[in-house]
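Student: Got a structure here, written out as C-alpha cells. Questions coming.
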Amino acid sequence: MSAAASPFYWTGATLIPDSPSAALVYAPHGRDGQVAAALLKEAGVVSKVVSSFQSFVASLGEECLFIVVTEETLRTQDMRPIHEWVRSQPSWSDLPFIVLAHRGAGPERNPAASRLVELLGNVSFLERPFHPTTFISVVNTASKGRRRQYEARNRVEQLNESELRLKTALLAGRLGTWELRLADHTLAASDVCKNVFGCKPEEQFSYADLIEAIHPDDRERMQRSITETLQTGSDYLIEFRVVWPDKSEHWAELRGRIVRDRVGLPARLVGVASDISERKAAEAALRSVNEILEQRVEERTQELRKAHEQLVAEAVQREAAEERLRQSQKLEALGQLTGGVAHDFNNLLMAVLGNLELIRKNVAEDARTVRLVDGALQGARRGASLTQRLLAFARQQDLQVKPTNLADLVEGMRELLVRSVGGAIEIASDFEEDLPLVLADGNQMELALLNLAVNARDAMQNGGTITIGLRKHLHVRPSSDLPRRDYVCLSVTDTGEGMDAATLQRAVDPFFSTKELGKGTGLGLSMIHGLALQLGGALKLESTLGKGTTAQIWLPATDLANQEDEKGEIQMVQAPESLKILVVDDDALIAMSTVDMLEDLGHRVVDASSGNDALAIVSAAEDIDLIITDYSMPGMNGAQLAKAVREIRPDLPVLVATGYADLPPGTGMNLPRLSKPYTQEQLEREIAIIFSSRHA
C-alpha cells in the first residue's frame with residue numbers, strides 16, 4: 001500500500017500516522033478530567049484519559065492531537081521528562097498543550113505559568129471555571145494547528161520523496177540537470193551535465209563554455225531552437241554533436257522548458273542533458289544493417305520479380321498454346337463434320353448429275369425441257385462446287401500438287417485480280433528475290449488468292465490498297481503444330497476496316513461471315529485454311545480494328561524443280577464399244593445412276609451392293625472387263641475388294657469412286673480413282689485412260 005493510501009508512513013524504524021489520532025487528558029484530581037473528556041466526546045474528538053504521571057509521560061507521542069492537563073498537576077511533578085520530549089519533537093511538530101488554570105493564574109500575572117510556556121512551548125491557558133463553548137473553541141484552535149502541522153509534515157515528506165525519485169531517475173538515466181537564467185545567461189549545471197560536455201565536476205562550466213563545446217555545424221541550429229522555444233513557449237528538445245576537450249566527438253541531447261516569473265515573462269530555462277553517443281552509434285549500426293537488409297531484400301525481390309515474370313510469361317504461353325489447341329480441335333471437329341456432310345452430299349449430287357445428263361441427251365429436241373434441265377444441271381454443279389469447298393476446309397479435296405513458283409502464279413493472275421477488285425483499289429506487289437518453289441495445286445492457290453483479294457475489296461468500301469507479298473523464311477516454325485523448316489509466305493494486306501478479336505477468332509469457321517446476307521457463303525477463309533493445312537502449311541490472320549487485315553499462307557519450300565511432264569500426253573484410244581462392267585455400290589440410287597450412264601455409253605452392266613456379292617460375280621463370270629466400285633461401303637470397302645479381285649484375276653482393272661482426296665494409308669495399292677460427283681463424260685474419260693494405259 002502506498003503512503004497516500006495508508007494512515008501511517010515509515011520513518012526510520014518507527015511507524016508514524018498520517019494524522020493525529022486522539023487527545024490526551026491528564027487531570028487526576030477532581031472532576032476536571034471527566035468533564036474535559038465528556039466535552040471532547042460531544043465535540044467528536046477521541047480522547048485518552050490517564051490518571052498517573054508515568055502513564056502521561058508514556059503516552060506522549062506524535063500521534064497526540066493535543067494534551068489537556070491541569071496546572072496544579074504539572075507544578076507538583078518533575079517536568080524534565082516532559083521537557084525532553086518536547087525538545088525532541090521533529091522540526092515540523094509543535095504539540096499543543098491546553099492547561100486548565102485557576103482564575104488569575106495566566107502567564108501575565110503568574111511567573112509559574114511563564115515557566116510552563118518555556119518548558120512546553122505551544123501552550124494555551126484556560127481559566128476555570130470555563131464555559132463549554134470556550135473550551136470547545138480552544139480545542140478547535142489546537143486541533144486545526146496540530147493538523148496543519150501534519151499537513152506540513154506530509155508535504156515535506158512528499159517533497160523529499162519526489163526529490164529522491166528525481167535523483168534516482170537522473171542517476172538511472174544518466175541525466176544531468178541544468179538551469180539557465182535568461183536575464184544574464186548564468187548557467188547552473190550538475191556534475192553529470194558537465195560530464196556530457198566533457199567537463200570535470202570541479203571545473204567551471206558557463207553558458208559560453210556550453211556553446212563553445214557544441215560542434216560548429218550544430219551551434220546555429222541549437223540557438224535557433226532556443227529562440228523558437230522562447231517565442232512559442234513549447235518544450236525544448238534538441239540533439240547535437242559535442243566536441244570534448246580531447247577533440248573526441250560525442251552526441252548530446254538537451255530537454256527543457258520555460259519557467260516564468262510572477263508577471264508571466266520567461267525567467268529561466270530548466271531541463272536535463274544526456275549523452276546519447278551510444279544510442280546514435282546503435283542507430284547508425286541499425287541503419288547500416290537496414291541498408292544491407294534492404295539491399296538483400298531488393299536483390300531477392302528482383303530475383304522473385306524475374307521468377308514471377310517468367311511464371312507469368314510461361315502461363316501466358318501455356319494459355320496461348322491451350323487456346324491454339326482448343327481452336328485446332330474445334331476446327332478439326334468442324335472439318336470432320338463438314339467432310340462427312342460433303343461426302344454424303346456428293347453421293348446425292350452423283351445421282352442428280354448423272355440422271356440430269358441422261359435426260360439432257362434424250363430431250364435435245366424439246367427446247368423448254370432442255371432449258372429446265374440445263375437450269376437443274378447448273379444448280380447441281382454449283383452444289384458440287386460447294387462440296388469441293390467443304391472438302392477443302394476438311395482437307396479432303398483432290399489436289400494436283402506439283403512444284404509451283406508463287407511469284408509467277410501471282411503475276412499471271414494480276415489482270416484477273418485488277419478486274420475483280422475494281423478501279424478504286426490499287427494492287428501493289430512486294431516480292432522477295434530468289435524465292436524457292438513450293439508444292440501446291442496451282443488452280444487451288446489461284447482460287448485462294450482470288451478469295452483473299454475479294455475479301456480485302458469488300459473490307460474497303462471507300463477504296464484503298466491491297467499489298468500482295470512473298471517472303472522466304474529459313475529454318476523457322478510458323479506455329480507450334482508445324483515442323484521447323486524453310487517456308488514461303490504469301491501475304492495479302494488491306495487497308496480496310498479490320499476485325500476485332502472476337503471476329504478474328506471465328507474468321508475461319510465454315511459459314512461464318514461478316515458480309516450482308518446473300519453476299520458471301522462464309523466458306524472462303526475456311527477453304528483456304530483447309531488448303532494450307534492439306535499442303536503442309538498454315539493460314540495465319542492478323543487484324544486491328546480500324547487499321548486493316550493481313551492474311552498469310554505459309555507453305556513448305558521444296559527443292560524439286562518445276563519441270564513439265566516429260567511423258568507428254570497419253571495417247572488416247574477409243575475404248576472398246578461394249579465392255580462388261582461390274583458396278584459395286586451399297587447406295588442403290590448411285591448404283592442405278594452409274595448403270596444408266598454406262599448403258600447409255602453402250603456397255604453391258606451388272607451391279608452388286610456389297611464386296612462379297614461382287615467377288616461372287618467375278619468368280620462365276622470370267623467375261624467381266626472392268627469393276628467400278630465405291631470406296632466407302634460397310635463390311636468390305638473398295639480397296640479391300642480390289643485386293644481380293646487381284647487374287648482371283650490379277651489382270652482385271654478396278655476403278656475406285658470416292659469423295660475423298662486420298663485413299664486412307666495402308667491400302668498398299670495404286671488404284672485409279674474417280675472423284676465424286678462425276679459426270680458421264682468424266683466416267684467415259686476415266687475408262688478410256690484405263691484401257692489406253694493397258695494398250696500403251
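Using N, Cα and C of the backbone, Cβ positions are placed for all residues, glycine too.
Where the annotation comes from TrEMBL, it is an automatic prediction and has not been curated.
Computed from a predicted structure; not experimentally measured.
Look at TrEMBL and you will find 290-324 tagged as coiled coil. For 190-233, the entry in TrEMBL reads domain 'PAS'. The annotation domain 'PAC' is assigned in TrEMBL to 236-288. Marked as domain 'Histidine kinase' by TrEMBL: 340-559. Annotation source TrEMBL lists domain 'Response regulatory' at 580-691. Residues or ranges marked as 4-aspartylphosphate by TrEMBL: D630.
I would like each feature placed in context: is it buried or exposed, what are its neighbours, and how far apart are things?
Tutor: Only residues 6 or more beyond the boundaries of the domain 'PAS' (190-233), in the same chain, are considered here, and those with a CB under 8 A from a CB of the stretch are 170, 174-178, 180, 182, 240-246, 248-250, 252, 254, 256-258, 266, 269, 272-275.
Taking H, G and I as helix, E and B as strand and the rest as coil, DSSP gives the domain 'Response regulatory' (580-691) the counts 46 helix, 23 strand, 43 coil.
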Student: Using Cβ atoms and a strict cutoff of less than 8 Å, what residues sit near the coiled coil (290-324) while being 6 or more residues removed from its termini?
Tutor: 479-481
Student: Within the domain 'PAS' (190-233), count helix residues (DSSP H, G, I), strand residues (E, B) and coil residues, in that order.
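Tutor: Reading the DSSP string over the domain 'PAS' (190-233) gives 30 helix, 1 strand, 13 coil.
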Student: Are there any residues at least 6 positions away along the chain from D630 (4-aspartylphosphate) with a Cβ closer than 8 Å to its Cβ? List them or say none.
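Tutor: Once residues fewer than 6 apart are set aside, D630 (4-aspartylphosphate) is near V584, D585, D586, D587, I590, G638, V656, A657, T658.
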